[in-house]
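Novice: I grabbed these lines from TrEMBL:
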DOMAIN    1-114  domain 'PHD-type'
DOMAIN    129-178  domain 'RING-type'
Amino acid sequence: ACLLCRRAEVDPDIYGCKLEKQGLCVHVFCLFFANELFQQWDKKVGLMGFLPEDIQRTIKRAAQKRCFVCGESGAAITCRETGCDRSFHLPCAVEGGCITQFLPQYRSFCWEHRPEQAVEAAPEENTTCLICLDPVEDRKSYSTMVCPTCKHAWFHRGCIQGQAVCAGISRFQCPLCRDSDVFVSEMLAMGIRIPFRLPSWENSHAYAALSERHSRCDASECLCPGGREQAEEEGPWHLLLCCSCAAEGTHRRCSCLTNSTASWECNSCA
């Protein structure tokens, strides 16, 4: 088990892999979030730059503190708010409503002092999470979050965290408006861990079809002599894809579109 959080099995995508050296076993992010534990400039010394003697001192200090969430000792993380002494284990953060910001300063906050989304928005009645499709709460909360850009995309904290792990920093975006810049900054501030790696599906053959362009005419009656799969660069058999979903297409002639028509929208999107 990790000597800082005392857990043997946790999600490495969230808490980092376990490092073992000189009789020590710790999760990467348990090190980064621990109180008064600093990384050396030379990352080759100790455990990723954390000196074994410093880690031992941190473990001894944490043994004197109890986690306000689970009640067990060994809480190495304390809320950054001045005067607040609430301490907790990293894997207990979500259950306790805490926010841990996976940014270079690695700041942590308890449920009372955690940052909240500033965007003014409230979900409409019967709004569901865009990811799992289950209902969300009737307001913003620790568990119910909203995109700060479009203000219409609502999702559960656990659901958007799962999407962040799969997408990685290069593809993580709002599931509705596709904004990434403002969205990523907001999610990081709200404690969502976004791995700095390529999306998981780029290494999976199961998702290969998602990157392929739609290439057939879906008109109710295809008039092309070469069939639905034929597509030319211009003229009546030029294939236009739906400008909204790109999941359906039509030959110009099959939908009575002129050569000057630059875009087309399928019936579902229209």
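Placement of Cβ uses the backbone N, Cα and C atoms for every residue, glycine included.
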Novice: Is it possible to list how many residues within the domain 'PHD-type' (1-114) are helical, extended or coil according to DSSP?
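Specialist: Within the domain 'PHD-type' (1-114) the tally stands at 24 helix, 20 strand, 70 coil.
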Novice: On the DSSP side of things, how many residues of the domain 'RING-type' (129-178) fall into helix, strand and coil, could you say?
Specialist: 15 helix, 7 strand, 28 coil
